[in-house]
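Asker: Heads up, here are the entries from Swiss-Prot:
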ACT_SITE  TYR146  active site, proton acceptor
BINDING   11-12, 31-36, 56-57, 77-81, TYR146, LYS150  NAD(+) binding site
BINDING   SER121, TYR146, ASN175, VAL189, VAL190, ARG204, VAL205, PHE206, ARG213, ARG271, LEU272, GLY273, ASP274  substrate binding site
Amino acid sequence: MRALVTGAAGFIGSTLVDRLLADGHSVVGLDNFATGRATNLEHLADNSAHVFVEADIVTADLHAILEQHRPEVVFHLAAQIDVRRSVADPQFDAAVNVIGTVRLAEAARQTGVRKIVHTSSGGSIYGTPPEYPTPETAPTDPASPYAAGKVAGEIYLNTFRHLYGLDCSHIAPANVYGPRQDPHGEAGVVAIFAQALLSGKPTRVFGDGTNTRDYVFVDDVVDAFVRVSADVGGGLRFNIGTGKETSDRQLHSAVAAAVGGPDDPEFHPPRLGDLKRSCLDIGLAERVLGWRPQIELADGVRRTVEYFRHKHTD
């Protein structure tokens, strides 16, 4: 298979590129380095099965890029991922996450792409749902422009599927963590805790520590992307998580144990817009894709901490 991965220099995207290459596929990676890092791909410099294109999905001539490389499947991970930035600047968020997605879909349908695998957001699109773990049948109720843009991307791609025959599926991950996650900013709390504790800096928990999330390891998420790239799950959204809730306080304890550091976070007022709970029902992915998470939280946290420990000592 010849695949194109947008957002290829990002945390999840670069891990997906590695997996596809390991499986024997050829990969074209595309990224504008807005949040992705060249260091995530530098180990592929001499890999003849990998080509990298520096481009922005909002401004690049995507038709020319896809015409040149002729991918069979496009994995669409490029996105504006900062929820708070989406609240402050919804127009920019929509330009990337909605218009960028439509531009990619238009180029894909014109150049013979078989399928787009789109990245949605299981951690945000359901808002405060009526049940936990939350299934795909729950109504979407975006609480941010970021979440609204992810839902809009799903709708547009499903419309392209019905109108033009461009197949698509949607991966809706819970809270993804693992090596290469960005430890800066406000997202990626496992990486943030790990980096701070390894550096001897204070850690912060927003609220009283009882907010919960469903933490899923990046390798498990990448496995779901690979599975759905086949001729399965057309037009469907697949929740990709663990079905287990972990509180902020429990997560801090797990990271502190892996680091061997103090389990004594500072507690700060809750942040506007933060959900109280999030946990995904993964039954559809189990039934249709044969997918289940393989990495338990303690093991995944340990692997993540070791990655940052190695970086910290370099």
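Each residue, glycine too, has its Cβ placed from N, Cα and C.
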Asker: Output the one of VAL205, LEU272 that, of all these binding-site residues, has the highest number of other Cβ atoms within 10 Å of its Cβ.
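Answerer: Within the set of binding-site residues, the most crowded position is VAL205.
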Asker: ALA79 (NAD(+) binding site) to TYR146 (active site, proton acceptor): how many Å between their Cα atoms?
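Answerer: Distance between the two Cα atoms comes out at 9 Å.
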Asker: List, in sequence order, the same-chain residues at least six positions removed whose CB sits under 8 Å from that of VAL190 (substrate binding site)?
Answerer: TYR177, GLY178, GLN181, TYR215, LEU251, VAL255, VAL301, THR304
Asker: Including all protein chains shown, what's the count of other C-beta atoms within 10 A of the C-beta of ASP274 (substrate binding site)?
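Answerer: That number is 14.
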Asker: Cα-Cα, whole number of Å: ILE57 (NAD(+) binding site) versus ASP274 (substrate binding site)?
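Answerer: Just about 29 Å between their Cα atoms.
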Asker: Just the number: how many Å between the Cα atoms of PHE11 (NAD(+) binding site) and LEU272 (substrate binding site)?
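Answerer: That separation, Cα to Cα, works out to 26 Å.
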Asker: Counting across all protein chains shown, how many other Cβ atoms sit within 10 Å of the Cβ of ALA79 (NAD(+) binding site)?
Answerer: 26
Asker: Over all shown protein chains, what is the count of other CB atoms within 10 A of the CB belonging to THR35 (NAD(+) binding site)?
Answerer: 19
Asker: Out of ASN32, SER121, ASN175, which has the highest number of nearby Cβ atoms, where nearby means within 10 Å of its Cβ, if these are the binding-site residues?
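Answerer: The most densely surrounded of these binding-site residues is SER121.
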Asker: How big is the substrate site in terms of the longest C-alpha to C-alpha distance among SER121, TYR146, ASN175, VAL189, VAL190, ARG204, VAL205, PHE206, ARG213, ARG271, LEU272, GLY273, ASP274, in angstrom?
Answerer: 24
Asker: Given ASN32 (NAD(+) binding site) and TYR146 (active site, proton acceptor), what distance in Å do their CA atoms have, once rounded to a whole number?
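Answerer: Cα-Cα distance, ASN32 (NAD(+) binding site) to TYR146 (active site, proton acceptor): 19 Å.
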